[in-house]
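One structure is given below, encoded as structure tokens.
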Amino acid sequence: MASSPDSMEASHLDSMSSPRVSLSRLKYMSLGVLVLQTTSLVLTMRFSRTLQGEGPRYLASTAVVSAELLKILICLLLVFYDHSFSFRVLNLVLKEEILNKPMETLKLAIPSGIYTLQNNLLYVALSNLDAATYQVTYQLKILTTALFSVSMLGKRLGLYQWLSLLILMTGIALVQWPTESLGGSSPTPLSAGTQLVGVIAVLIACFSSGFAGVYFEKILKETKQSVWVRNIQLGLFGLVFGLMGVFVYDGERVRESGLFQGYNPLTWSVVALQALGGLVIAAVIKYADNILKGFATSLSIILSTLISYFWLEDFDPTSVFFLGAVLVIAATFLYGYEAETCHQPQQSLDWRPATSHSRV
């Protein structure tokens, strides 16, 4: 039987709308997962570093190594999947792209070393700062990334983007503004000295994130190599640098109590969230845009603040903090809006695929 024109038109519209619905669903699913991953990583890392339990606390340096190892395994599986689950092809790809191109591989040593340092610094920061202050202050990486992208990639920023960076700096300054707590002592009080250590760790991490992210983007743009293969190269160097850090700074403790001392399900959750962070960000870059990514970041800050206050009880909010947080969130939106209106390529300059924070 012949189909009526109306039914044919409806069928055509359904076939056209289906990909849109699917793409829209993927967009918001990836953003939802990003919010969940970012918030969960910050809060679980903070909780794991302040939890008072029996036995020794786990070593942050070994957690970084564990995350790198897990990241390598995930990327190997993705490359394996991309080549139709063929071990022969996987072996050829790894040999051709890693062993037969030593100079290309060595280029990844610089960002990998910086990322390893940064991942260790984030543990230091969350050991000395509450989750809310860390989340807001860490958005300074937007500024450092923008400055490095201008100087290293020749990128031009619009008026609203420069304005958003000024607003961002103002907001972060207000968040760090010294205030007297009105709510009494918290169960886990933080002294000015420990907070200073945390702030310094975050600032160094922001600068390292900006430089390494732009450097890695520059390498990606200059070659046609698979992103997952690049991440395997990053992970291999990260594993070497991470192990060096373990035995230089925690060698004696490892010899006494082992590499995985103090590990528990919470610790492994932190490791898994760190390793999966970059993959989530990669999905957001593919399916979403800068405005929605800014929305996800802002929502993560709000959730971290609420959970830090109500659940971890290590954060006593003040009006100055909230003003600074609002400015940081507004700056994030403004920066993303300018990038979209200028029709720039959807490249996240603080993207660190398959490395922590992740995607934090």
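A Cβ is built for glycine as well, from the same backbone N, Cα and C atoms used for every other residue.
Unlike curated records, TrEMBL annotations are generated automatically.
What TrEMBL records for 26-47 (among others) is transmembrane segment.
Taken from TrEMBL, the feature transmembrane segment applies to 59-81 (among others).
Per TrEMBL, transmembrane segment is recorded for 157-177 (among others).
Long-range neighbours of the transmembrane segment (197-216) within the same chain, counting only residues 6 or more positions beyond its ends whose Cβ lies under 8 Å from a Cβ of the stretch, are 108, 110-111, 114-115, 117-118, 121-122, 124-129, 133-134, 137-138, 140-141, 143-149, 152-153, 176, 190, 230, 234, 349-352. The transmembrane segment annotation in TrEMBL covers 197-216 (among others).
Positions annotated as transmembrane segment by TrEMBL: 228-248 (among others). Here the transmembrane segment (228-248) has Cβ contacts under 8 Å with residues 59, 61-62, 64-65, 68-69, 71-72, 75-76, 78-79, 82, 93-94, 97-98, 105, 108-109, 111-113, 115-116, 120, 216, 219-220, 254, 259, 278, 353-355 of the same chain, all six or more residues outside its ends.
Here TrEMBL flags 268-288 (among others) as transmembrane segment.
Listed as Cβ neighbours of the transmembrane segment (295-312) (distance under 8 Å, sequence separation of 6 or more from its ends, same chain) are residues 31-32, 34-35, 38-39, 42-43, 46-47, 50, 130-132, 134-136, 139, 188, 284, 288, 325, 328-329, 332-333. As annotated by TrEMBL, transmembrane segment applies to 295-312 (among others).
Marked as transmembrane segment by TrEMBL: 318-337 (among others).
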